[in-house]
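Just below is one structure, and these are the notes that go with it.
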Amino acid sequence: MDLSTAFRRTRRSRPRLFWLSAVTLASLLVFPAVEIALQSANLVPGFTFYDFRGAFYTAGERFLSGKNLYADVHNPYVYPPVVVLLFAPFTVVSPWMAGLLWNVFSLAVLGAGLFALVRSFGVRLSIPSKAVLLWALVGFFPTILWLKAGQVSGFLTGLFCFAVAAHRRSWQDDDSTTLALASGALTTISSSFKPFYAPSGAHLLRDKKRFVGAVAAVVGIVGLSLFFGVETFTDYLGVLTHGKGWGQATEPGGISTDITNWGPFFFRPLYFFGSAALYIRLALTFGVAGLVLYSRRDDSARSEYAALALGLTTIPLASPIPDLFAVTPLIPAFIVSLFNELQLDDGLPEIPVLSVLLFHVHAYTLGFFAGFGATIIPAVSALEPLLPFLQAGMWALALMFGLQVYRIGQSVRA
């Protein structure tokens, strides 16, 4: 069935889902125009490609000139040595043009991965459907953010989409070994960029083949990185140990800024836990791993897809520097959860759709309460003690996380 046909049919079969999806889709499609208008009025920053120019482009230059890859600079390169090969080709053009090309490349990978994931659920995508889906993807506020910074979030999310699509097709193709190995490898390759993406590998604990693929990817990454020299690899391990100074001079929630110092990227789901946030992150991460291991008692699709979505949903909760960049990897989780809920008699497909909408409006709803709203309506400043609970994204994350935990528990008890 074509995506547009399936969407129209929900108007009669699931009117609540239809109208919620319509509102969400409309908000995504119109937001690029809103963003351009805000930039034109100098109300929001433009596309600076700060992260790409400052960390990835300069790392490519240092690699090609034989300099220290992990130099102590303001915006350091913190990924495995072998990953620099991905960025080095972009140094043939100017930094700004390289950032633009990187974004085009990342969007191509993310779009292709998203299309592959949707098709793996048996949904056909016409050219108009692909165009609408891609534009909606560009309009998603976390996407706008990583495009502005030239971040790797979009590229890595594309790999996650391919990993989930391979996982889905391995089930359809009589548990294909090749696809299962590919799913495990792609999941681990993405996590190798950012270690706090590790919860995305929760689904590996449910399948030996996917786990073997993950181990093979780790061996490959380490082996290839050693070709850059033992000293370089040791420097990388030092980066993993010390990071970017995460956790130093932090405010409540283990972060470096107060919630009243709002910015477009601001997202602190564990802010109200104060200094205990670190321990909550660890407890959630290990708790998810334990729950997924326990869920192996049930091999139904409901449990499998809930475990997969749960791992991806845990990423923002495990991040030492949580922000809206960490929300982008939830895109495949939204898709998996949506299809999973549509297949259940007691399904709640409205939850993943509502979560997308809440994440999308998070920045400016919080900005209204924490920043510019008080200048328009002075009484808004009285809500400052409630700011941690006025984060739309926090409720979106709670809904997604809670739904997956509920589905796993429901499956195991059945």
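Placement of Cβ uses the backbone N, Cα and C atoms for every residue, glycine included.
Residues or ranges marked as transmembrane segment by TrEMBL: 77-93 (among others).
Beyond the transmembrane segment (100-121), the same-chain residues lying 6 or more positions past its ends with a Cβ under 8 Å from any Cβ of the stretch are 3, 47, 49, 52, 56, 87, 90, 93, 130, 133-134, 137-138, 146-147, 150, 152, 154-155, 157-162, 164-165, 168-169, 172, 331-332, 335-336, 339. Annotation source TrEMBL lists transmembrane segment at 100-121 (among others).
Residues annotated as transmembrane segment in TrEMBL: 211-230 (among others). Using a Cβ-Cβ cut-off under 8 Å and counting only residues 6 or more beyond its ends in the same chain, the transmembrane segment (211-230) has close neighbours at 69, 80-82, 180-189, 192, 201, 204-205, 236.
The feature transmembrane segment is assigned by TrEMBL to 270-293 (among others).
As annotated by TrEMBL, transmembrane segment applies to 305-321 (among others).
Look at TrEMBL and you will find 356-380 (among others) tagged as transmembrane segment.
The annotation transmembrane segment is assigned in TrEMBL to 386-406 (among others). Residues 259-260, 267-269, 271-272, 291, 306-307, 309-310, 313-314, 316-317, 324, 327, 330, 333-334, 337, 341, 348, 351-352, 354-359, 361-362, 365-366, 369-370 of the same chain lie 6 or more positions beyond the ends of the transmembrane segment (386-406) yet place their CB under 8 Å from a CB of it.
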Chain residues outside the transmembrane segment (356-380) and at least six past its termini with a C-beta under 8 angstroms from it:
20, 23-24, 27-28, 31, 140-142, 259-260, 262, 264-267, 324, 327, 330, 334, 386-387, 390-393, 395-396, 399
